[in-house]
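*Asks:* The structure under discussion is supplied below as structure tokens; questions concerning it will follow.
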Ligand SMILES: Cc1cc2nc3c(=O)[nH]c(=O)nc-3n(C[C@H](O)[C@H](O)[C@H](O)COP(=O)(O)OP(=O)(O)OC[C@H]3O[C@@H](n4cnc5c(N)ncnc54)[C@H](O)[C@@H]3O)c2cc1C
Ligand SMILES: Cc1cc2nc3c(=O)[nH]c(=O)nc-3n(C[C@H](O)[C@H](O)[C@H](O)COP(=O)(O)O)c2cc1C
Ligand code: FES
């Protein structure tokens, strides 16, 4: 399937489809359904220096064509991820993108330094956009200067290319994107979840114990498309796109918007076979649309008139 | 092994107010091993509703490759499920989780009690049948809101002594399941329970020193252990980072294993 091979900083992808962080654990659960080596890459659950339990339950609430989550970055901690999860994943022929999080810059650099030494970790995904933790997370991703300095700090210690995961919960996402590019980011991943809330009909109180949570799923796809379309025309680093992908048509749309690869999140919960299904259907879709290679789709939505409009705005 | 299958609707009927009994047929049934496991159901096509719904397996008929579940139609998903007609198909992922451990009760030496509350009653039916096959006749205490919600009284009665209790007293005795259990003359050595969390908590307080197994309920994302939506603390580390996932480590836990 040559038409699907993609090269990005640190990553040689058999195909441009990968599960999104937090929606695939560390792969174990999905390995009972299919061979993980079929995937382009795997974005593992956010890893923090020490184990985290996360937020109280309920942690999820369904919405129209989407869901809210407030997991709160639960993970087994750096040592266990390096000692158990990554070696287990190493039995598969698939590059790992390690999602890293923390509540202060030192947390990010500690995780980055150690985890980037693991042989199968080919890139880092800097999570400065989690809406569900009190400190850190999104606080790093909503201020351009802070986003730039955390990117720079992680770049200094990482052995592998660094992708920065952008939050859509900002007024000017281009400004943040440019700042992290300046900070040395090798690529961007976007979008993380949108901050949202649902209230219980009987009690009038939030359904999520955390109050608010991150919105994901098909409902956010148009937001992701618009943001990727805009950001991709203002940076020169590649974008791994995500946000509501459930079909092969969605994948093409993300490429048109300006993505060079894509990740599938929430859809894995509904259909555990979604990633291999999309991978299988992609070549026929490319042929149908008249492309020899998936990369020809990247940025087809770009146009001079839009660029002018942005510069005026 | 968990499988995904479009299963065929064999029968669907309303057996009490808003309570439906649905029988499905397919290969997936051969994977069902323990009572107390559940399936994860896509109730509609497309994105409304988006997520699957967890529903317990109520009885299994491996010979016919059929299984039955009983559920209350209340929200969007279960309402849609109740509209599935015979011969139509339902997208099922399962079986999920670890059910009730049968080998914890021994014929001859153990007296066994099954306690169910509302839509927690269904998985106890397969459990009681399996216990019967082992030579154990269980006693059942089943709690419901009101008379019109009571279901499967005859089915349980055929398997063993059955006591019904309703919150409003409109059928059986009035009160909580724990009131009835206190008045029973027998001393039980093994208790299996499924129902609302307050009921499970009350049972744990009173009978936690016995062999007590509780089936928990939690809102789920994936249902397979990948998303950390359904996590609870372990009892030996109630504020730390140790955890169990209700979907894949449970839904059945031994009393004292997790914080409920
Ligand atoms: C392991 C397990 C076994 C279950 N077995 C049964 C059963 O045998 N019979 C039965 O009637 N019900 C059972 N339930 C409860 C059942 O899952 C909910 O009633 C159902 O999900 C409600 O969906 P809805 O579309 O009607 O409601 P909605 O309000 O539209 O649901 C919205 C969201 O909340 C979730 N949700 C709502 N109520 C519950 C609940 N009580 N528990 C977990 N998630 C909930 C839904 O799954 C969905 O994601 C079980 C739950 C669990 C966790
Ligand atoms: C349950 C859940 C957990 C998530 N956990 C993380 C996480 O740990 N780190 C992260 O960067 N993003 C996390 N995300 C965000 C996803 O990776 C993705 O950016 C987002 O859900 C949009 O994609 P989707 O609509 O396909 O799900 C999580 C999303 C969900 C639904
Ligand atoms: S529902 Fe996803 S881990 Fe249990």
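Positions of Cβ are set from backbone N, Cα and C atoms, glycine also.
Just so you know, TrEMBL annotations are computer predictions that nobody has curated.
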*Asks:* Let me know which member of A:45, A:148, A:221 TrEMBL also records as binding substrate at the site of A:69, A:70, A:71, A:72, A:73, A:127, A:192, A:193.
*Replies:* A:45
*Asks:* Among A:21, A:64, A:149, indicate the single residue that TrEMBL lists for the FMN site containing A:45, A:46, A:99, A:127, A:165, A:191, A:217, A:243, A:244, A:265, A:266.
*Replies:* A:21
*Asks:* Compute the C-alpha separation of residue A:130 (active site, nucleophile) from residue A:243 (FMN binding site), stating it in Å without decimals.
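*Replies:* Approximately 14 Å lies between the Cα of residue A:130 (active site, nucleophile) and that of residue A:243 (FMN binding site).
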*Asks:* In whole Å, how far is residue A:193 (substrate binding site) from residue A:127 (FMN binding site) when you measure between their Cα atoms?
*Replies:* 11
*Asks:* Let me spell it out: for each of the binding-site residues (A:72, A:243, A:265), count the other Cβ atoms within 10 Å of that residue's Cβ, using every protein chain shown. Which one has the most?
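*Replies:* Per the Cβ count, the most surrounded site is A:243.
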*Asks:* Any of the binding-site residues A:46, A:70, A:72, A:243 with a C-beta atom under 6 A from ligand 2? Give them in order, or none.
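*Replies:* List returned for ligand 2: A:46, A:243.
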*Asks:* Validating a neighbour-count step here. Other CB atoms within 10 A of the CB of residue A:193 (substrate binding site): how many?
*Replies:* 28
*Asks:* Which of the binding-site residues A:21, A:191, A:243, A:265 has its Cα closest in space to the Cα of residue A:45 (substrate binding site)?
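*Replies:* Out of the listed candidates, the nearest Cα belongs to A:21.
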*Asks:* What is the separation, in Å, between the Cα atoms of residue A:21 (FMN binding site) and residue A:70 (substrate binding site)?
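*Replies:* Counting only the Cα atoms, the answer is 14 Å.
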